[in-house]
Amino acid sequence: MSVYVRPTSLAEKGDLALLENLVKKSPEVLSERDECGASPLHHAAAGGYITVIQFITTVKDPQGLNCCDEQGNAPLHWAVESNKEESCRTLLDLGADPNLLNTALMSPLHLAVSLGHNNLVELLLSYSTTDANLQGDLGNTPVILACSINNFEALSILIKHGARLCKQNKLGHFPIHAAAFAGAKKAMEVILKNGEELGHQIEQHINYLDKSRSSPLHLAVRGGNIEAIRFCIANGARIDQQQNDKSTPLHLACTQGATEVVKLMLSSFGQVGDIINLTDGANQTPLHRATIFDHTELAEYLISLVNKGADLNCIDCKGNSPLLLATSCGAWRTVTLLLSKGANVNVRDRCGCNFLHLAILQPKGLKNITEEVLQHNSVKALLNCEDNEGCTPLHYACRLGIHDSVKNMLGLSGQVGLACKSKDKKSGWSCLHHAASEGYTQTMDILLSANPKLLDKTDEDGYRLIFAVLLYKNNGCINSSMATVSCHVLIHQNSALHVAAREGHTAAVKLLMNRGAELSLNKTETSFLHEAVQNGRKDVVNAVIDTLSLFIPGSTQRCPIMDMIEYLPETYKHLLDSCVKESDDDYNSADYHIEYNFRWLQAPIAVNKATYKTMRVRPLAALNAMVYYNRIELLNHPVCKKYLAMKWFAAPPHFTSRWNYFKDYTNQNDWFSAILSLLFVIPLIINAEGSLHWQAGAVAVLQSWVGFLFYLQRFEGIGIYVVMFWEIMNTLVRIVMLFIFLMLAFSLAFYALMLNQEEFKTVPLSIMQTFVMMVGELNYQNNFLDAYLKQELSFSVLTYVIFANFVLCMPILLVNLMIGLAVGDIAEVQRNASLKRIAMQIDLHTSLEDKLPYWFVKRVDKDSITIYPNRKCSRVCLSTKQTQCATFIYLCSSCQPPFLIRNELNKQKFRMKEMASSLEKQHSLLKLIIQKMEITSEADEYDGPVNVRGRMWPSLSQRSHRGQTLSRWVPLMKAIESKRK
């Protein structure tokens with residue numbers, strides 16, 4: 001059994017005999033390719049097997065000399081890469097194309113130059129078919145490629161064979177540019193020498209410009225090779241040559257911090273004063289460029305030039321002096337140097353920001369500046385300087401929450417500037433406003449400690465207020481006991497408490513309230529609680545609820561209670577939860593009780609009477625709002641249920657509601673039952689003759705029990721099913737009213753066709769029989785089959801056709817339609833039945849209290865109830881502040897507290913406390929380790945609410961208009977550099 005050997009393997013080994021035998025058997029084997037797409041000719045060329053190459057080319061088509069592998073490489077590429085000179089010569093003699101580019105846009109000549117196979121360069125150029133100026137990747141010719149790798153020998157060979165030095169690549173670079181960028185000094189010497197022989201003067205050649213008007217010196221500076229830079233300068237390269245952005249080589253060197261290069265350039269330039277302050281397209285001098293990346297040594301050299309030093313206060317296009325630019329870039333060593341050299345600290349940029357404004361915007365703020373600098377009088381004077389928006393550096397620090405900087409500035413200037421208000425679009429915010437808007441509690445605490453009067457400051461148009469007023473606009477108000485204070489009329493804008501509540505900073509709101517912030521209304525008579533609710537700040541509202549803030553009448557705005565029900569029902573549920581208080585007694589004790597407080601469900605009766613003539617307070621305002629906004633979860637809250645139960649037991653049996661009384665179908669049913677009952681009883685007493693009174697009695701019994709069913713729908717347990725029953729009944733009535741015409745049509749048809757049948761003898765009987773058949777009682781055998789067999793049907797065929805249509809249309813179609821509608825109605829009613837049932841109760845009590853006199857409502861209305869669930873007959877104590885405690889008793893279902901669940905919850909709470917304590921200890925230990933290792937974290941400087949994305953500093957959008965932003969890698973690299981030093 002012979003083993004098949006691939007021809008590529010034989011060519012790679014140079015085994016000509018086996019390859020000839022294999023070709024004799026099957027000449028097509030020479031067309032096979034390996035996994036890289038290479039043919040046997042590729043492998044023979046790479047191995048330098050001349051006889052194999054000649055054999056393959058004699059057997060195969062000569063076009064196979066230029067076949068390519070997957071990388072686009074021809075056999076000549078393989079021969080050049082393997083440095084097989086004889087293979088190259090053989091392939092070229094056989095007619096291989098030397099100008100073929102592979103997928104990397106490299107020809108065999110490019111490949112020979114890049115690999116340093118200069119003998120092959122000479123060989124390839126010796127053939128006239130080779131293009132010495134062929135462009136490859138980015139338009140690079142072999143000459144440019146030789147310059148970029150400093151292959152000066154190949155460069156000389158190329159020039160000798162007619163390669164052009166004036167050929168540019170796609171970047172516009174000449175060979176001299178490529179050599180300068182690569183630092184190829186010898187290649188530059190060859191180019192300049194041969195260029196001079198061709199008539200190009202060296203000084204002119206060394207200053208050739210590319211598409212961006214960059215000279216070879218620009219490229220040499222970017223490359224960073226000082227020998228190439230020195231060579232360019234020595235041969236007459238212009239230092240003041242400006243590229244398209246007007247940057248000179250000196251600007252580029254200063255940006256890189258190449259001090260030696262700058263010294264070399266300036267030492268070779270006669271008039272240093274003419275170039276040291278030369279500006280680029282951004283009006284930046286070399287000193288500006290040196291300060292960007294904190295090149296302190298270079299900046300000091302530029303300043304130290306005697307009588308020719310750089311201008312310390314030159315302004316760029318953005319209004320930045322070197323000091324402002326260094327500050328905005330965080331170049332603190334350069335900032336210290338510039339200040340020590342006398343830089344003007346009063347210079348401002350286009351936004352009106354001075355040196356201190358920009359320092360605040362950087363991480364760590366003023367901690368980056370030495371205490372000695374901050375103690376200068378000129379620096380202290382900047383503390384109260386305002387930018388174009390009227391913001392001082394203190395405003396900036398408060399806006400960013402840099403509490404250490406705030407503390408430093410207050411220590412330097414005392415309370416000066418604390419009351420200063422900005423003139424920006426925030427309408428005159430103070431420092432406290434800015435801190436409150438971002439929730440920086442530590443900053444707020446520092447400000448309030450320095451000046452407590454800031455607590456009640458309003459913005460530009462505001463006035464100091466005494467307290468806030470929160471009221472139901474048309475629905476009532478809520479009050480509780482409080483100290484007597486005077487009320488000032490509010491006219492205008494927002495306090496810091498408004499701002500913090502609107503932005504949703506819970507900690508800031510708590511801090512202001514704990515500090516005793518006096519509640520105020522803004523220009524639109526909106527309190528801070530209105531702002532929180534209307535902006536969906538759930539946590540803020542819950543915090544306000546926990547502090548038991550007071551609600552006092554006086555605002556034209558709607559009561560926040562109504563806003564909570566509409567916008568934040570979760571917060572109102574939290575408010576209702578706070579109204580349920582359990583006693584400290586044992587759960588099994590008979591004295592264990594639960595108190596339900598109703599003060600957040602309706603305005604007090606006394607307030608209703610006081611505001612009766614000025615505004616109408618609707619009874620059960622909160623409950624009616626829950627019904628209006630479909631808040632079923634709130635209506636099912638235990639406090640609301642107990643409140644409705646209290647109203648139910650306290651309600652009188654009768655009341656007057658004018659025409660609305662007769663519009664209620666339950667009242668109509670009651671009156672109808674009563675009248676029919678009288679019509680039955682009176683004739684029975686006087687022994688009247690006839691049967692009409694007996695019929696009236698039958699109908700009265702029916703109506704009475706239906707009326708009883710109406711009343712059951714208001715009860716919690718079974719009311720939902722009564723509501724569902726009536727909803728389905730309404731659907732049935734509507735469907736029957738629609739199908740009555742179809743029923744009438746069939747009944748008249750049967751009356752006309754079934755002449756001999758007693759059931760259809762008259763029209764009324766036919767209609768009644770059809771109605772019974774419609775619900776499924778067809779009685780087919782008696783009505784149709786027997787009559788057909790006895791031949792009593794006058795029109796048997798037509799009768800059966802109509803009967804078949806009747807069966808399809810009425811019993812089947814109607815019943816299925818009813819079932820489908822009933823299922824849909826049940827699903828809909830189940831969603832809304834509870835709401836409808838509670839809504840009927842609320843509507844009943846609302847109408848009742850709306851008509852009853854004040855003295856009666858005051859007698860029955862209670863502020864709270866106390867329930868003893870462990871007593872056999874629960875005693876519910878009703879207490880109120882206006883009257884003495886009253887009690888009433890009602891039956892309630894006995895229920896045992898879930899002891900097992902409560903015990904498990906207590907265990908979980910204990911475990912969570914242990915875990916929190918352990919985490920706190922670990923946190924303290926890590927902080928101690930960080931302090932010992934002298935590691936500074938941005939977290940130490942952070943002040944404000946936690947962001948789930950881990951953002952420790954304000955977004956770039958907040959500071960983008962204040963200065964340039966830096967990559968987060970820049971501080972890291974600076975820290976590593978400082979550690980190395």
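Cβ from N, Cα, C; glycine included.
As a whole-number mean, the pLDDT of the repeat 'ANK' (71-103) in this prediction is 93. Positions annotated as repeat 'ANK' by TrEMBL: 71-103 (among others).
Using a Cβ-Cβ cut-off under 8 Å and counting only residues 6 or more beyond its ends in the same chain, the repeat 'ANK' (138-170) has close neighbours at 107, 109-110, 112-114, 116, 118, 121-122, 125, 132, 176, 178-179, 181-191, 194-195, 198, 200, 210. The repeat 'ANK' annotation in TrEMBL covers 138-170 (among others).
Proximity of distant same-chain residues to the repeat 'ANK' (212-244), defined by a Cβ-Cβ separation under 8 Å and at least 6 residues beyond the stretch ends, is recorded for 172-173, 176-185, 188-189, 192, 202-203, 206, 250, 252-253, 256, 258, 260-261, 264-265, 268-269, 274-275, 278, 280-281. Here TrEMBL flags 212-244 (among others) as repeat 'ANK'.
Positions annotated as repeat 'ANK' by TrEMBL: 245-267 (among others). DSSP places the residues of the repeat 'ANK' (245-267) in helix, strand and coil in these numbers: 17 helix, 0 strand, 6 coil.
Per TrEMBL, the feature repeat 'ANK' maps to 282-317 (among others).
Positions annotated as repeat 'ANK' by TrEMBL: 318-350 (among others). Across the repeat 'ANK' (318-350), DSSP assigns 16 helix, 0 strand, 17 coil.
Look at TrEMBL and you will find 492-524 (among others) tagged as repeat 'ANK'.
The annotation domain 'Ion transport' is assigned in TrEMBL to 645-833.
Residues annotated as transmembrane segment in TrEMBL: 694-712 (among others).
The list of residues near the transmembrane segment (732-755) in space but at least 6 beyond its ends in sequence, with Cβ under 8 angstroms from a Cβ of it, reads 762-763, 766-767, 769-771, 774, 783, 787, 793-795, 798-799, 802, 806, 809-810, 814, 817-818, 821. Residues annotated as transmembrane segment in TrEMBL: 732-755 (among others).
The transmembrane segment annotation in TrEMBL covers 800-827 (among others).
Same-chain residues lying 6+ beyond the ends of the repeat 'ANK' (318-350) with a Cβ under 8 Å from its Cβ atoms: 282, 284-285, 287-288, 290-296, 299-300, 303, 310, 312, 356, 358-359, 361-363, 368-370, 373, 376, 378-379, 382, 385, 387, 962-964, 966, 970-971, 974. Counting residues 6+ beyond its ends, the repeat 'ANK' (282-317) has Cβ neighbours under 8 Å at 245, 250-255, 257-259, 262-263, 266, 272-273, 276, 323, 325-326, 329-334, 337-338, 341-344, 347, 970, 974 in the same chain.
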